[in-house]
Amino acid sequence: MAAHHRQNTAGRRKVQVSYVIRDEVEKYNRNGVNALQLDPALNRLFTAGRDSIIRIWSVNQHKQDPYIASMEHHTDWVNDIVLCCNGKTLISASSDTTVKVWNAHKGFCMSTLRTHKDYVKALAYAKDKELVASAGLDRQIFLWDVNTLTALTASNNTVTTSSLSGNKDSIYSLAMNQLGTIIVSGSTEKVLRVWDPRTCAKLMKLKGHTDNVKALLLNRDGTQCLSGSSDGTIRLWSLGQQRCIATYRVHDEGVWALQVNDAFTHVYSGGRDRKIYCTDLRNPDIRVLICEEKAPVLKMELDRSADPPPAIWVATTKSTVNKWTLKGIHNFRASGDYDNDCTNPITPLCTQPDQVIKGGASIIQCHILNDKRHILTKDTNNNVAYWVSVKDAGFSSPDGSDPKLNLGGLLLQALLEYWPRTHVNPMDEEENEVNHVNGEQENRVQKGNGYFQVPPHTPVIFGEAGGRTLFRLLCRDSGGETESMLLNETVPQWVIDITVDKNMPKFNKIPFYLQPHASSGAKTLKKDRLSASDMLQVRKVMEHVYEKIINLDNESQTTSSSNNEKPGEQEKEEDIAVLAEEKIELLCQDQVLDPNMDLRTVKHFIWKSGGDLTLHYRQKST
């Protein structure tokens, strides 16, 4: 992802423009998968994670390619998803601070809720009431009626919400029973807080955990709650008694994910130690190690197509999602106490997953080299790649000087070239009238920057620098009526200046001093402070030295012998550059400069000190 940002003086808000360099279709999860939802009716699995994309997969094992579609609108991690309305609607929560409502069958975003002020970390769903709750790092819990959310339109886009207040710390987990009568939240406060969503009343606070509560589950009638914590324990709570009635020490490290069967008799747990256990809640000595993943477990989803569940889907900090069979899981016996003796380790029920949804690699490190063209990256597969931002065209060097271009401005024009407001009609009014009279009025609209284009599928994101997203769209969609209207409201003035008014920002100037080198024996000049664009190449300074300093000295020495002829008049302008490079050397810190360098490079990589840049010149020895 690349970005440009400026201060928006109108709203006193810093607006950042970002874009994503990617393939048109991103079929693979590119990082850890935070959330899973299974639609057994359509045999579809929804995955969402750290690459901001929600993907739909077929879980039919007979399909060679399980990928179905991607749902893209978020601009940061997707932390949780829930399927509602019998699989027709999907709700998602993201670190971009939004909650989004999706048509799960057609795969498009229907509406965006911007009530939260920080990362939205967890969702909870009451199936019988079609009620969803969202919570996050802003310590707020909001309640949403799903039927109201799905009825929102461009003209009818107002929605009311109830909120549950009282949390003192960031919320990382949330649960609501199917009847919609109880909500429980878990946070870094290390307690469970309980509300009645019907009245928004606080009911109780449950203490017992010693670290962040990362996972919560409620039984159907809301009388019992299971919690998993970074303290490594699973606790069973009686809400009627308002106390913990059982503690299960199954894992060696933090418990981050829980699932439970419909009868609320067996809990499936996973976490930082990469192990997935099934524990009998009625007899905690009866537990089985189902499998061991290759990375910490973030989320699990039971296949509830039968009872007992035949399989469980597991997502980890890696991009691959695995399905593990649960056949034969209830044929095990008590395994003794919970102290996992390393000399007698428990054998996993499964050593290989039953089905694999393969993920892709993601870039985890990058370094831009000094030439600002080449980049080194390292991905999650430990592959190091060497990239170049601009390919050599293979043409010979053109005659004359290179044009001065602002690549950032050209890029902004390319990103918004489909936005009608940026289009320019070069015909003046008189030409328009003549062509109209002659019946020759033609479409001569100029789009883009005239140099290059970006792929139409490129995502463009406007957002507050270091904060929330204001608007996201694909390049090709900026011509749409709705998108154009939103761009008019969102695009900051500094981008308007470049893309609509075609006013490129002025080049930065660098002040410098120009003096003869000590070895030249020339008299030191009056120390005049010069300035030039930081993009100015060293060869241009050499031309200045040759034409304005060396040539003037030669003229004064040869005036009597040359009569009315002057060397400067005899030389063609294009020859000056060649002669300057043949006869002049420019130095900084006693290092001879490459004529292709620009002043910015000289200042940052050779001068390397405070104060104004000082350059020295001398004539090459013949």
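Going from the start of the chain as shown, residues are counted 1 onward.
Every residue gets a Cβ built from N, Cα and C, even glycine.
Listed features, source Swiss-Prot:
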type: COMPBIAS; residues: 554-565; note: compositional bias 'Low complexity'
type: MOD_RES; residues: TYR28; note: phosphotyrosine
type: MOD_RES; residues: LYS214; note: N6-acetyllysine
type: MOD_RES; residues: LYS523; note: N6-acetyllysine
type: MOD_RES; residues: THR558; note: phosphothreonine
type: REGION; residues: 552-573; note: region 'Disordered'
type: REPEAT; residues: 28-67; note: repeat 'WD 1'
type: REPEAT; residues: 73-112; note: repeat 'WD 2'
type: REPEAT; residues: 115-154; note: repeat 'WD 3'
type: REPEAT; residues: 166-205; note: repeat 'WD 4'
type: REPEAT; residues: 208-247; note: repeat 'WD 5'
type: REPEAT; residues: 250-289; note: repeat 'WD 6'
type: REPEAT; residues: 292-334; note: repeat 'WD 7'
type: REPEAT; residues: 358-397; note: repeat 'WD 8'
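Swiss-Prot feature annotations superimposed on the structure.
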residue : record          : Cβ contacts under 8 Å, 6 or more apart
TYR28   : phosphotyrosine : TYR67, SER319, LYS358, GLY359, GLY360
LYS214  : N6-acetyllysine : TYR172, SER173, GLY186, GLY228, SER229, SER230, GLY254, VAL255, TRP256, ALA257, GLY271
LYS523  : N6-acetyllysine : PRO516
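For the repeat 'WD 7' (292-334), same-chain residues at least 6 beyond its ends with a Cβ under 8 Å from one of its own Cβ atoms are 28-38, 40, 45, 47, 49, 59, 256-259, 261-262, 266, 268, 270-276, 278, 283, 285-286, 348-350, 353-362, 380.
At the 8 Å Cβ threshold, with sequence separation of at least 6, the repeat 'WD 8' (358-397) comes into contact with the repeat 'WD 1' (28-67) through 3 or more pairs. A strand conformation is recorded for LYS214 (N6-acetyllysine) in the three-state DSSP classification. Nonlocal intrachain contacts for the repeat 'WD 4' (166-205), taken as residues 6+ away from its ends with a CB within less than 8 angstroms of a stretch CB, comprise 118, 121-129, 131, 133-141, 143, 211-222, 225, 227, 229, 237, 239, 242.
A coil conformation is recorded for TYR28 (phosphotyrosine) in the three-state DSSP classification, outside any helix or strand. Here the repeat 'WD 6' (250-289) returns a mean pLDDT of 96 for the predicted model.
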